[in-house]
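Feature annotations, reproduced from TrEMBL:
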ACT_SITE  A:His432  active site, proton acceptor
BINDING   A:Gly113, A:Asp115, A:Asp507  Ca(2+) binding site
BINDING   A:His138, A:His140, A:Asp142, A:His143, A:His205, A:Asp227, A:His454  Zn(2+) binding site
BINDING   A:Ser296, A:Ser297, A:Asn298, A:His428, A:Thr429, A:Ser430, A:Gly431, A:His432  substrate binding site
COMPBIAS  A:7-16  compositional bias 'Basic residues'
COMPBIAS  A:19-29  compositional bias 'Basic and acidic residues'
REGION    A:1-66  region 'Disordered'
Number of protein chains: 2
Amino acid sequence: MTDTTTKPKKKKKWFKRPTQSDKPKEQPVEKNASTVAADISTATTSKVSPAKKKKRPAKAQPVPVPEPGGEKIKIIPLGGLKEIGKNLTLVEYKNEILIIDCGLSFPDDEMLGIDIVIPDMTYLVKNQEKIRGVVITHGHEDHIGAIPYLLKQINVPIYGPRLALGLLEVKFKEHRLNNVRMQRIKGDETFQLGVFKIEPIRTTHSIPDAFAIAVHTDIGTILHTGDFKIDYTPVDGQVMDLHKFADLGEKGVLLMLADSTNVERPGATISEQNVRKSLENAFMNCKSRIIVATFSSNIHRLQIIINTAQKFNRKVVINGRSMLNVFAVASELGVMNVPEGLVIDLRDMDEYRDDQLVLLTTGSQGEPMAALSRMSSGEHRKLDIQAGDLVIFSASPIPGNEKTVSRVINQLFEKGANVIYDSLAEVHTSGHACQEELKLMHNLVRPKYFIPVHGEYRHLKQHANLAMSLGMPEENVFTMQNGQVLELDQIEGKITGKVQAGPILVDGLGVGDVGSIVLRDRKHLAEDGLMVVVVTMDRSEAKVVAGPDIISRGFVYVRESEDLMEEARIVVQKSLDQMEQRGVKEWAQLKNGIRDGLKDFLYHKTQRRPMILPIIMEV
Amino acid sequence: MTDTTTKPKKKKKWFKRPTQSDKPKEQPVEKNASTVAADISTATTSKVSPAKKKKRPAKAQPVPVPEPGGEKIKIIPLGGLKEIGKNLTLVEYKNEILIIDCGLSFPDDEMLGIDIVIPDMTYLVKNQEKIRGVVITHGHEDHIGAIPYLLKQINVPIYGPRLALGLLEVKFKEHRLNNVRMQRIKGDETFQLGVFKIEPIRTTHSIPDAFAIAVHTDIGTILHTGDFKIDYTPVDGQVMDLHKFADLGEKGVLLMLADSTNVERPGATISEQNVRKSLENAFMNCKSRIIVATFSSNIHRLQIIINTAQKFNRKVVINGRSMLNVFAVASELGVMNVPEGLVIDLRDMDEYRDDQLVLLTTGSQGEPMAALSRMSSGEHRKLDIQAGDLVIFSASPIPGNEKTVSRVINQLFEKGANVIYDSLAEVHTSGHACQEELKLMHNLVRPKYFIPVHGEYRHLKQHANLAMSLGMPEENVFTMQNGQVLELDQIEGKITGKVQAGPILVDGLGVGDVGSIVLRDRKHLAEDGLMVVVVTMDRSEAKVVAGPDIISRGFVYVRESEDLMEEARIVVQKSLDQMEQRGVKEWAQLKNGIRDGLKDFLYHKTQRRPMILPIIMEV
């Protein structure tokens with residue numbers, strides 16, 4: 001890479017770019033690459049080949065020429081497009097399928113009562129014999145959260161970073177899944193899965209052990225960046241392997257799929273080291289307790305907080321189920337470095353002065369059930385907020401959470417705490433690349449084709465624009481939808497079809513049993529409540545034997561609206577009388593008659609439209 | 001004002017400050033003040049006194065010395081504290097009450113199905129004979145929206161700026177309120193309301209005709225800033241009357257209540273003129289239709305858009321009910337300057353080319369029913385989005401609306417529109433003062449006491465901190481709650497009590513009939529839906545005659561869950577059998593038995609907790 005201009009004036013040639021390296025690198029890039037033993041006995045299809053130990057070429061590799069009419073490679077995203085969440089991408093070639101990530105998303109406001117959302121897996125179940133495995137880029141929920149639901153349907157091996165596998169094991173226990181075939185992936189360790197040669201490349205993100213995945217096939221290389229930002233001074237010292245990306249670009253990449261989350265933000269993300277400094281400043285002169293809320297999965301941040309506590313002679317109390325979970329997994333795996341005796345039990349807090357304590361807690365998003373929220377509202381069984389406490393939100397509100405976060409901040413201030421948040425100090429940084437980092441990635445990899453992923457439509461669109469502004473021809477950029485099938489070879493790329501895809505709603509134990517009708521009813525009930533009308537009728541004569549009785553919920557406070565309820569009963573009685581005179585005997589007709597009369601009456605009286613549920617009992 | 005330092009190192013003396021004016025101003029500040037005729041015949045208590053035409057003193061006025069044990073002035077905020085919305089402040093002195101503003105707020109996420117929220121007016125109704133009138137600072141909903149609900153309970157005169165009164169008239173028509181006593185207030189026109197001398201002072205805000213209100217009494221002056229920012233180059237040329245604030249500060253202000261909305265933002269708001277430039281840039285090279293979404297109440301912005309359309313030879317089509325409303329009122333009152341023939345009817349759009357058109361529309365907050373949202377989702381009857389349209393969001397999402405706005409932006413991009421929003425360009429500015437503007441206000445007015453208003457607790461708290469950082473003693477700053485009573489004189493201020501205050505929920509025609517029980521039921525129904533169990537029983541023997549029948553809504557999609565429903569029926573049947581054997585005959589006991597058995601069964605099967613509604617019909 002000699003050309004460091006990120007915005008070339010004229011269009012560049014993509015992919016097959018003449019090299020002009022004035023300083024050819026001599027170090028073999030993959031010198032640490034070694035063979036990974038495939039210790040998964042049942043995964044018969046996963047062949048392992050030793051990574052090639054050869055020098056990085058000074059010239060670009062010749063492009064493999066596809067046979068005319070030869071097999072193309074298919075890319076099928078089943079999740080992660082037009083949304084931030086439930087990432088799942090398929091690479092299909094020569095009747096073999098590789099899955100990259102299998103995550104969940106959280107329900108939007110319309111999905112009342114829904115716990116989580118997972119991708120539709122119909123296509124995977126149908127084609128299960130083709131699947132060679134799932135490769136995980138990193139351990140975030142939107143990349144691993146749907147794996148238990150996949151494994152309940154089909155048995156496939158999981159390849160992932162150590163930390164992601166550790167977090168998955170906790171999930172498998174909860175879901176009572178046994179004997180899952182898992183294998184760790186590492187940077188510099190290439191392995192074969194069927195026709196796919198998988199090369200994990202170390203990146204930096206808000207969780208350690210994060211990888212981009214290069215998939216080498218005999219038709220070309222697919223690079224999936226995973227989630228990344230470029231942190232030149234990461235907490236764990238594991239710098240992103242930019243040389244690998246440069247090397248791939250040099251050799252030629254057929255297709256890149258890249259993270260679009262922060263494409264609307266100019267510049268570059270700040271390093272976790274800036275966050276460290278801000279936190280140290282906050283700790284420096286604090287004589288009171290310090291409470292830090294952050295994402296439990298942001299292990300870099302946890303490490304910084306641990307280190308800062310150590311530096312300022314404070315013990316750390318960990319609080320909140322998911323925080324305890326992650327802490328346990330990360331410490332056990334050695335992903336986190338926790339000095340002996342630094343973390344103490346909540347029950348031993350009394351033995352320390354306020355200025356000797358840090359509480360590390362969940363609830364940075366204002367989630368009502370999280371530890372910090374319960375402390376701030378006085379509903380936590382064991383902890384409360386003391387006047388003078390310093391509370392640090394080391395996280396930004398995820399879009400949609402602004403109001404709940406604000407509510408917690410207000411409550412904390414009211415309890416006399418000092419609160420540091422958001423823009424008041426550099427106490428958080430994003431895990432996703434901003435514009436200049438994305439430009440660097442495009443510039444290093446210079447793929448022939450590009451799919452923006454991991455974003456709402458606005459982000460995908462802006463990322464496509466960014467790629468084109470760097471010189472990529474429009475016809476090589478594919479702004480896709482979940483389920484679309486992109487077929488590629490060296491000559492052209494084309495969307496050729498669509499497979500079943502979409503959100504599957506999980507509510508309690510039910511997977512997919514809550515659909516649009518149930519949600520519509522929930523919305524209706526939420527808006528205006530419900531009125532049940534029960535009438536007992538004689539089967540033969542269609543005469544009222546008992547009732548009508550009326551019960552309402554979520555409509556009006558009945559004790560203060562007795563008159564209204566009595567009037568409503570009379571309205572129903574009248575409808576029934578009229579229908580009896582007209583000789584109506586069909587239950588369905590009777591129900592409609594009751595509903596229509598009551599609906600008009602209630603709207604006239606209240607301008608509300610409760611759900612009306614007429615029930616006829618036969619005797 | 002000779003001291004321009006906004007952050008003095010040592011504490012200043014507040015209120016009674018020795019003047020050191022090195023340049024005494026000679027112009028009488030109130031030279032345009034004139035008598036306002038009280039043309040409200042029924043408002044017998046409103047006396048009008050001519051504004052005093054005297055020179056501004058070179059020295060500070062002597063402080064009125066209160067009689068020992070003399071009457072104090074009471075400040076009672078009934079809304080607007082610990083919230084942004086439903087502003088309502090009382091000033092009570094010598095058995096007379098002045099109301100400043102009477103606004104509504106919009107429901108938060110917990111308030112399912114609620115339309116609007118108004119302040120509890122119990123105290124006003126109880127003390128109605130003391131009330132001399134309502135003075136309105138400006139025409140925004142959170143300052144005028146609850147007036148119709150007040151007037152339905154008590155008859156009081158309304159004093160407000162021309163535009164606010166115009167907007168109120170529309171509301172009065174909708175609420176069928178006739179013969180409301182209204183009188184216009186103007187800058188430089190002081191008038192007497194009972195013991196209160198009212199002095200409106202021109203400010204700048206996101207709506208024209210906005211005022212701060214100085215209330216002069218023989219015990220001292222209360223200044224309520226209303227909502228303001230400092231725009232030195234406002235669209236209508238009506239610069240904020242900073243001299244008046246300086247003059248008040250010079251004469252001595254007992255208490256200031258000031259807008260806290262933007263206290264967390266450093267610096268100063270940008271001028272509407274910057275927005276004008278950004279919009280002109282956007283219009284400059286655009287060859288397609290332009291659609292601009294903004295707040296209908298932001299008449300300055302509407303004026304800019306009108307002017308820009310004119311400049312670039314485009315006709316303007318106005319779209320959305322509230323936009324049409326405001327346009328009609330503002331043009332009629334001459335608050336807005338609309339060139340003849342510029343605004344055309346939607347039906348005449350076809351006569352113009354795309355590059356001759358601007359659509360001005362509601363929906364900048366992604367409200368599902370607003371014009372822009374319906375256009376973006378293809379549900380608008382008359383308008384749709386064309387590929388190439390330029391859509392400008394000339395508004396920021398209000399906290400909580402981020403996701404709905406984002407949804408509309410995504411849809412617009414998908415329809416092929418270009419979208420300019422938010423941080424991409426300076427196409428919006430706030431109407432509320434940021435830190436440096438607030439400091440200027442404190443510095444000019446230098447009141448003895450201060451109440452931060454118009455903010456969530458975090459804002460009130462930060463505004464109190466800001467005042468103290470400028471040298472105000474802590475004991476003179478009152479971070480209050482709605483309903484608290486602050487009693488003041490020149491010697492001390494103290495919170496002395498509490499009156500009834502709180503949110504009253506409006507749902508359709510119902511005012512206050514939806515309370516916590518109804519909301520709790522709606523939330524329960526929204527989360528997990530409902531299961532109704534009906535049994536018809538013989539009255540005398542407590543034997544089942546018909547049923548149990550089970551109907552569910554919002555729980556599971558019944559057609560796919562027939563087995564579950566049948567099992568549930570059997571569970572209820574068993575409960576009934578057991579209770580019959582045990583001789584249970586109490587309806588309440590029977591219902592509990594049905595509920596408990598079914599609840600456990602459903603939770604075990606689904607991990608959901610629908611509302612269970614057992615109904616027993618007697619025959």
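Quick reminder: no glycine exception, Cβ is built from N, Cα and C everywhere.
Not measured: the values here are computed from a predicted model.
Recorded residues A:Ser297 (substrate binding site) and A:His140 (Zn(2+) binding site) have their alpha carbons 7 Å apart, per Cα-Cα distance.
The C-beta environment of A:Ser430 (substrate binding site), restricted to residues of the same chain at least 6 apart in sequence and closer than 8 Å, consists of A:Ser206, A:Lys229, A:Thr261, A:Asn262, A:Arg265, A:Thr269, A:Ser396. Checking the binding-site residues A:Gly113, A:His138, A:His454, A:Asp507 against chain B with a Cβ-Cβ cut-off under 8 Å leaves A:Gly113, A:Asp507, in sequence order. DSSP gives A:Asp507 (Ca(2+) binding site) a strand state. For the residue listed as 'active site, proton acceptor', the same-chain residues lying six or more positions away in sequence with a CB closer than 8 A to its CB are A:His205, A:Asp227, A:Phe228, A:Lys229, A:Asp259, A:Thr261, A:Asn262, A:Thr269, A:His454. Take the CB of A:Asn298 (substrate binding site) and look out to 10 A: across all protein chains shown you find 26 other CB atoms. A simple way to gauge crowding: the CB of A:Gly113 (Ca(2+) binding site) has 25 other CB atoms within 10 angstroms, across all the protein chains here. Candidate binding-site residues: A:Gly113, A:Gly431, A:Asp507. Nearest to A:His138 (Zn(2+) binding site) by Cα distance: A:Gly431. The Cβ of A:His428 (substrate binding site) has 24 neighbouring Cβ atoms from other residues within 10 Å, across all protein chains displayed.
Every protein chain considered, the tally of other Cβ atoms within 10 Å of the Cβ of A:Asp227 (Zn(2+) binding site) stands at 27. Once Cβ contacts within 10 Å are tallied over all protein chains shown, the binding-site residues A:His138, A:His454 are led by A:His454. Rounded to a whole value, the Cα-Cα separation of A:His143 (Zn(2+) binding site) and A:Gly113 (Ca(2+) binding site) is 23 Å. If you take the C-beta of A:His140 (Zn(2+) binding site) and look for same-chain residues 6 or more apart in sequence within under 8 angstroms, you find A:Gly103, A:Ile207, A:Asp227, A:Ser297.
On its own chain, A:Ser296 (substrate binding site) has A:Leu302, A:Gly320, A:Ser322, A:Met323, A:Asn325, A:Val326, A:Phe327, A:Thr362 as residues at least 6 apart in sequence with a Cβ closer than 8 Å to its own Cβ. Note: A:Asp115 (Ca(2+) binding site) has non-local neighbours A:Pro107, A:Val506, A:Asp507, A:Gly508, i.e. same-chain residues 6+ apart with C-beta under 8 A of its own C-beta.
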